[in-house]
Amino acid sequence: MIIRSPEPEVKILVDRDPIKTSFEEWAKPGHFSRTIAKGPDTTTWIWNLHADAHDFDSHTSDLEEISRKVFSAHFGQLSIIFLWLSGMYFHGARFSNYEAWLSDPTHIGPSAQVVWPIVGQEILNGDVGGGFRGIQITSGFFQIWRASGITSELQLYCTAIGALVFAALMLFAGWFHYHKAAPKLAWFQDVESMLNHHLAGLLGLGSLSWAGHQVHVSLPINQFLNAGVDPKEIPLPHEFILNRDLLAQLYPSFAEGATPFFTLNWSKYSEFLTFRGGLDPVTGGLWLTDIAHHHLAIAILFLIAGHMYRTNWGIGHGIKDILEAHKGPFTGQGHKGLYEILTTSWHAQLSLNLAMLGSLTIIVAHHMYSMPPYPYLATDYATQLSLFTHHMWIGGFLIVGAAAHAAIFMVRDYDPTNRYNDLLDRVLRHRDAIISHLNWVCIFLGFHSFGLYIHNDTMSALGRPQDMFSDTAIQLQPVFAQWIQNTHALAPGVTAPGETASTSLTWGGGELVAVGGKVALLPIPLGTADFLVHHIHAFTIHVTVLILLKGVLFARSSRLIPDKANLGFRFPCDGPGRGGTCQVSAWDHVFLGLFWMYNAISVVIFHFSWKMQSDVWGSISDQGVVTHITGGNFAQSSITINGWLRDFLWAQASQVIQSYGSSLSAYGLFFLGAHFVWAFSLMFLFSGRGYWQELIESIVWAHNKLKVAPATQPRALSIVQGRAVGVTHYLLGGIATTWAFFLARIIAVG
């Protein structure tokens, strides 16, 4: 008789047909809430409808149902992303000068939008070179298309159609996984399987397939393009994939196939998997062979990482065990209890993810200019400035979002009864020490950083330049930053074998790289001016963190309002009869944090814009003389507040202010309009609810007189709604103003 061990049961991880598909229900506004579904009595109804439509916590308290809604919504999000991408590729296929740009990227600007001749607006179609008239784009799509090996507008058209198919597929998946086969809660909480798929699947196989595409398609096509071959003469991508001899003509070791790989003779592949560092002097971008090598290495790391966690086979790490093994000398039980928080509160999980993704986005912003990844990106100054600014704003918003969801977690998902003495509890118990120390740091940084500028303005005003903090008088050199730069500049040849240049030309040491008479990149000198503005960065970042962290740590209770958790995430004040308790909700901290985030990012992008125009961007003569756009005035002008106002804001605004009558005039209109949107926000931020309610009742009286009064009673915005509308217009107006100012300037002079 053979005794077999019992077969492991296969877990059923989906429910079939859990929720019927009902168009009648979807057609009813507010179907997710009993109160809202009744329809409007007052105009507040439309605000509540928008506030709660995606607040799945308010629809149900069942974690499984909430998880399914979030999961389904993610597919909707992906569908929109594919739709947007399809639109970008379609514009490239149908309305752009991509093929012309590809044949001469140094003299022709990228354009993918041609304005129709209505009311004379065709003036916006500027001459971008090569006889093409259109709006210059600054998204970097042309550069990424060239890097990926796209050589014709037909290929863009096919990709656009493919993206539409994927958009439809994602919409279907969102419906299918909510209405037809919805995952159970256990599936959402199986973190090891999730890590397996995300690390090995998305990141590992994703990077591997991109590396494969780069080696087999991008590298050979870019090799031909760099050599000046007409794009129409270059073989099509599938020919390189199917015909190995074609590749072997460019990279002889291809003839040997996979033999060197299996015989561990990997150096054979060093023709197309390189480790050079620095920039390709032809295109001013990173070496594409370095990039292919990088993605192959990343793929291997993530394929290994994806197999480190215990799934169906009972081998490998468990995340809960790893977390609970982490104990420091001062942390008591260590990370015990964190696993339960992160698998039962999606807000806590989202908060961590937003904080990391936001930081990563800001890191991307800094790498896009210091290690420009795509061909001819570094010399397209308008695109460089746009990419930096865009990624900085996005990163700022994501980090504020991290604080918002951390606070929502504290209010809605935190259970103090079973959280006793874990790490989070220990942080909360000494929150006063954290916040008061952080407050001291903010005061110190604010007074000292601003004080250095005020000193310089005063000395400058009194005609005492020898007493100013500057590179030519009292020097405050950023010695630590210079040491880091120097270390990196000396690194090649010492760290990685065969590396000929440092990771970025900005570190120093290397020569400058110029493409078509324009500077791509050169060593960036740091001096007193940078020291001063970096301390302003430190100040604004710390204040933003102070506001956001105070909102999180005091989200449930404070000395002022011990029962804050009962009032919820957003509330205007602690009821009538308790003065001085307004603006204390966690939501209000996010609201205030947004303004300081805007402050912080504005200083960063202003610093970047001026520094690059002054010390990096410019033209180079045949004799090798570099002429920078603003002639190196950053070091001496940016050390006073007056210098920032006079030589940056005012001097560089001339292009946008004088843009009327030119192809840049749309930026002039946007500059004006966005200032108006910004000013409009102040009406919401500086006036109270009662003022508007009085006005509304007077207007309603007039409507009653004329017998045109609506059935839905008009109401003034609530305090929280007013603040939300205010901060939205403040940020939108401010960002659009900056966008118009930057682009009109850099397109005109860059």
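Even glycines carry a Cβ here, placed using N, Cα and C.
Note that this is a predicted model, so its numbers are computed, not measured.
Listed features, source Swiss-Prot:
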- Cys573, Cys582: [4Fe-4S] cluster binding site (BINDING)
- His675: chlorophyll a' binding site (BINDING)
- Met683, Tyr691: chlorophyll a binding site (BINDING)
- Trp692: phylloquinone binding site (BINDING)
- 70-93: transmembrane segment (TRANSMEM)
- 156-179: transmembrane segment (TRANSMEM)
- 195-219: transmembrane segment (TRANSMEM)
- 291-309: transmembrane segment (TRANSMEM)
- 346-369: transmembrane segment (TRANSMEM)
- 385-411: transmembrane segment (TRANSMEM)
- 433-455: transmembrane segment (TRANSMEM)
- 531-549: transmembrane segment (TRANSMEM)
- 589-610: transmembrane segment (TRANSMEM)
- 664-686: transmembrane segment (TRANSMEM)
- 724-744: transmembrane segment (TRANSMEM)
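Shown here: features listed in Swiss-Prot, placed on the structure.
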| residue | record | DSSP (3 states) |
| --- | --- | --- |
| Cys573 | [4Fe-4S] cluster binding site | coil |
| Cys582 | [4Fe-4S] cluster binding site | coil |
| His675 | chlorophyll a' binding site | helix |
| Met683 | chlorophyll a binding site | helix |
| Tyr691 | chlorophyll a binding site | helix |
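Nearest in space to Met683 (chlorophyll a binding site), taking C-alpha to C-alpha distance over the binding-site residues Cys573, Cys582, His675, Trp692, is Trp692. Tallying C-beta pairs under 8 angstroms between the transmembrane segment (724-744) and each of 291-309, 385-411, 531-549 places 385-411 first.
Cβ neighbour count for the residue listed as 'phylloquinone binding site' (all protein chains, 10 Å cutoff from its Cβ): 17. Outside the transmembrane segment (156-179) by six or more residues, the chain places 17-21, 68-69, 71-76, 78-80, 82-83, 85-87, 89-90, 92-94, 98, 145, 150 with a CB less than 8 A from a CB of the stretch. On the backbone, the CA of Cys573 ([4Fe-4S] cluster binding site) and the CA of Tyr691 (chlorophyll a binding site) stand 18 Å apart. Residue pair His675 (chlorophyll a' binding site) / Tyr691 (chlorophyll a binding site) shows a Cα separation of 25 Å.
All protein chains included, His675 (chlorophyll a' binding site) registers 15 other Cβ atoms within 10 Å of its own Cβ. Its Cβ placed at the centre, Cys573 ([4Fe-4S] cluster binding site) has 17 other Cβ atoms within 10 Å.
Between the transmembrane segment (531-549) and the listed ranges 70-93, 589-610, 664-686, the one holding the most Cβ pairs under 8 Å is 589-610. Taking the C-alpha positions, the distance from Tyr691 (chlorophyll a binding site) to Cys582 ([4Fe-4S] cluster binding site) comes to 18 Å.
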